[in-house]
Amino acid sequence: MKFRTALASATILAASMVGAASAADLTVGFSQIGSESGWRAAETTLTKQQAEQRGIDLKFADAQQKQENQIKALRSFIAQGVDAILVAPVVATGWDEVLQEARDAEIPVILLDRTVDAPEDLYMTAVTSDLVHEGKVAGQWLADTVAGKPCNVVELQGTTGSSPAIDRKKGFEEALAGKDNLKIIRSQTGDFTRTKGKEVMESFLKAEDGGKNICALYAHNDDMAVGAIQAIKEAGLKPGTDILVVSIDAVPDIFQAMAAGEANATVELTPNMAGPAFDALEAFRKDGKLPPKWIQTESKLYTQADDPAKVYEEKKGLGY
Amino acid sequence: MQPDSSHVLSATGIDKIFPGARALNRVDFSLHRGEVHALLGENGAGKSTLVKCLTGAYARDGGRIVLDGADIDPQSTLEAQNLGIGTVYQEVNLLANLTVAENLFLGRQPRRFGLVSARKMNRRAKALLAEYDLDIDVTAGLAAYSVAVQQVVAIARAVDLSGKVLILDEPTASLDAHEVAMLFRIVRRLRERGLGIVFITHFLEQVYEISDRITVLRNGGLVGTRATADLPRRELIAMMLGRELVQEVAGGHGARGEAGDVRFRFRGFGRKGHIQPFDLDICAGEVVGIAGLLGSGRTETAEILFGAERADSGTAQADGRALDLSSPRAAIREKFGFCPEDRKVDGIVGDLSVRENIALALQARRGWARPISRGEQDQLADRYIKALDIRTSDREKPIRLLSGGNQQKAILARWLATNPDFLILDEPTRGIDVGAHAEIIRLIESLCEKGMSLIVISSELEELVAYSSRVIVLRDRAHVAELTGSAVTTDGIVEAIAASAGRVEA
Amino acid sequence: MTSALKAYAVRLLPQAAALAVILVMVSLAFPGFFRLEMQNGRLYGSLVDILNRGAPVALLAIGMTVVIATKGIDLSVGAVMAICGAVAAACITSGHGLATTLLITLATGILCGLWNGILVAVLDIQPIIATLVLMVAGRGIAQLVTEGAILTFNDPGLIFIGSGALLGLPMPVVIWLAFGIAVALLVRRTALGMLIEALGVNRRAATLSGVSTGVLLIAAYMLSGLCAAIAGIIAAADIRGADANNAGLWLELDAILAVVVGGTSLLGGRFSIAASLIGALIIQSINTGILLSGFPPEFNLIIKAAIIVMILIIQSPRAQSAFAFLSRPRAEDGKTEQEAK
């Protein structure tokens, strides 16, 4: 039923779009949450870059963490008659009305990075990463790397109860399932911060025979890993060699550590959500091909073999 | 004393003892049906303590309370209210955010099917207030009405709840003349209905306008109960300020004070809204007394002399040199000292030891970087504990645990330690026991003999007469008279205070 | 003199006992807890971790103790830590020398304290409201400085403050111990301590006795700002970066808790910096103990709360008077009575 309405709405949209204009001079509105983290800033930078490369006229609105600002921005985009709207929703609920308005105006809406609790036919697609998959990629890398040798793993969790912490833990455990050589011996929260990552790692090292008992560290984000790497060094061990370090996010600082041989791998939570969104939009305008309801971004694995120094240089200008 | 049947309420031998002070000493008080009985006295005389014992807010330490011929012992104001004693305070103790009707019936709202019936409540509220000629919207918030209307609502609630005795604690303090007249109409009507009404106020003309009898308290003791019609205003003031103890003492130091050279000279010294500009000269070794009723500007005079409030007019000189009295700190540098009236709020630093309290002003004057060593502090404290006979188990005891008199002596020691030239004492003997009282008076006299200049504010007239060479009389925040030499008598002071036209605040 | 020392020991006894009990409890859960060894010229072990990780809260507690003694409270210290960490990182990465960076950062902290002090002492705003302003705004200011990202640096001098060692002790430990002793001596060897206590118990009486209460109040908040600045530098140096979002987050509450566990009343007056420092160590011992114990993280806060509630119950006036009754030696009783007589 849902699928059918979605299809119907898409047909209406398709008809209007094809008749409208060529792909070249698109105008797209982008309502961003704000700039609360380095990742968010990088997402903004990359979206602007992507739009420029494709010759898209991007109208940018910063909502400063407020949904009411986002709704205002969406209404003004609708009033301006943009060709499409990108929105990174600050909360999940309360979007039905304004999305309906966009639909009535026949403007396709693409969600970035987060999803909403609204009927699927009200938006064209959502571009997000898969948190569980990220954890799985990290776990798979570790399993492949140790290749059957016994390995004790310590885990630095994200903020207790947050969805990235839950999902990244779950994915990692799924990858390790059935591999008896890999064992998570300690798991504590590091609150996603460097300070806590360092403090908790210090206690892991003390508790596990000065670290001699630890073979690998899995951190739910790079910041905690960066803090933990310092703790490992201060304990007289070599991170990356004595203790393998794998984490998630792929922020620039972890590439520096990888270049120095102190971190082994990171799984990218790409800030380039706009690229796949624009791809889908352009494909749709060209031949009316409707994208799937969920476009999963690639959870790319980076290791020391991927020239981390170069990736660092590429990434550091993005505003992380 | 056997309860009289005409008495709705009679209290006999009421005692109330606070740690370190006796607040009520065997006080008798009786209230007839259908009378307005004024309860008078200076601050600290024991009026509010007596009322609180009658209404159960305080547990009394002795005595008997008889209501309608039966002994009562209320443990709370609520119990007293249910027995028939209602109280209305100056600060209306109702809830401003509720409606008039809700305030009237709070805690006893008429119910229907277990739910509050607003309609029934509003109807009854309207009817209740009609008895007081008050026709207002009872569904409006109480805050929408003036203090006078709120006062009437409070009275209506209290009478409706209690119905035998109504205690009005300074009900007219914030009302204008018109509102006072309205309130008095209601009070008279309640009197006709047979209620016994206790009326506490500072306005003497209102006492004469409305009351049938007057009871005067002083220092926690009963001075007397008299019919209003038989008590001239002068005699009333004398009762309040303690004339019956007076032996006609002429100013003890008058002659010598006049002969000395003026050391401190104030000209046109004053502050708007506090005290009108005044002139004052004080010699070395002289005690100048300041008398006046409460609110006449006594404490305000002390505060601007000490810089606690900055003077906005006039000059101050010592031996011809201009003085900086812009703050207490500046005044202390000029060798001034000040024992404030409210010892607990302005004087003692309760959690600190007796030693630290004594050393405080001297240390503050020396500055933080030059600490008084522990040894010196110990010596200082021991010296004054001995000299002033401060009774404490040891100098490290927190001062709040001492009795009022010993606290007062410790504050005096704090100032004596700074070796001041000019010392202001605001009610130095209030609320302290008789023994300490006499010691402080002796201390004042000996300080004076050593050449210190003192200003002493007191509502104990016989005391003032005993040690002052001159007495300045204050009224309505102005210095109105100065008595010198043989004119310094309690009669003279009472005369000067009473010699006012119109409204006298008592 | 000995009696003063004895009084000091009696004052610190409950806190010291609580700390000892917690350390023993942790060592039962984790046997290697008391092991210390020299490694790369510095002491290494869980006890050192407690001293080291406790540094920010210990430093904040020094300033907080003095502020609370004035009957105030300083909610802004966590945010001031973030500001100062950001300022230090910004200075050092923009090429200033270490000395200049430290000077500018400490001055920033003192300035934040001055702002709080003026709101409290001059404008007479309630301390909890006055310092709430900077608590809310401060993190935003820090984010402006770092532009929302973690501002990393590689200056060896600044990093040394976070993870270097002096005489075998980590630098943060050396710093908070030295600063704590310095402030304790400053307030107790001069008359400041007594004047602050007088101000806290009864500001009006202190003013009327000639104490410069306004200046003292402002100075107390400035000291608190300075402590927050030092804590901010240490926190940033520790992770070689200024994290405006997370540096010092909620640490104001830990600092207040340290002071309360240290037995200083929130109503002002009597205070003990040493007791607050022990309080800070108690809190950190609990944190470290939980991490070592290996419980799932969902239990962290519950365990911490339960232990603190127990300490506060033991310290409550009712429990104290019960202990005093049980432990009072009979002989001394007789003596005091004789003296009183």
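Just so it is clear, glycine is given a Cβ too, placed from its N, Cα and C backbone atoms.
What TrEMBL annotates here:
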type     : residues  : note
TRANSMEM : C:12-30   : transmembrane segment
TRANSMEM : C:50-70   : transmembrane segment
TRANSMEM : C:77-96   : transmembrane segment
TRANSMEM : C:102-123 : transmembrane segment
TRANSMEM : C:128-146 : transmembrane segment
TRANSMEM : C:158-187 : transmembrane segment
TRANSMEM : C:208-235 : transmembrane segment
TRANSMEM : C:247-267 : transmembrane segment
TRANSMEM : C:301-319 : transmembrane segment
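Scored by C-beta pairs under 8 angstroms, the transmembrane segment (C:158-187) has its highest count with C:50-70, from the stretches C:12-30, C:50-70, C:247-267, C:301-319. Counting C-beta pairs under 8 angstroms (sequence separation of 6 or more), the transmembrane segment (C:208-235) fails to reach the transmembrane segment (C:301-319), with fewer than 3 such pairs.
Outside the transmembrane segment (C:77-96), and at least 6 residues removed from its termini, the chain residues within Cβ reach (under 8 Å) are 56, 60, 63-64, 102, 104-106, 108-109, 112-113, 134-139, 141-143, 145-146, 151-153, 155, 158, 224-225, 227-229, 231-233, 235-237, 241-245, 247-252, 255. Under 8 Å from some Cβ of the transmembrane segment (C:247-267) lie the Cβ atoms of residues 11, 14-15, 18, 56-58, 60-61, 64-65, 68-69, 71, 73-82, 85-86, 135, 142, 200, 228, 231-232, 235-236, 275-280, 282-283, 308, 311-312, 315, all in the same chain and six or more residues away from its ends. With a threshold of 8 Å between CB atoms, the same-chain residues lying at least 6 positions outside the transmembrane segment (C:50-70) that come near it are 77-78, 81, 113, 127, 169-170, 172-173, 175-176, 179-180, 183, 187, 196-197, 199-200, 216-217, 220-221, 223-228, 230-231, 234-235, 248, 251-252, 254-256, 258-259, 262, 264-266, 268-273, 276-277, 279-281, 283-285, 287-288. Under 8 Å from some Cβ of the transmembrane segment (C:128-146) lie the Cβ atoms of residues 73-76, 78-80, 82-83, 85-87, 89-90, 112, 115-116, 119-120, 221, 242-245, 247, 252, all in the same chain and six or more residues away from its ends.
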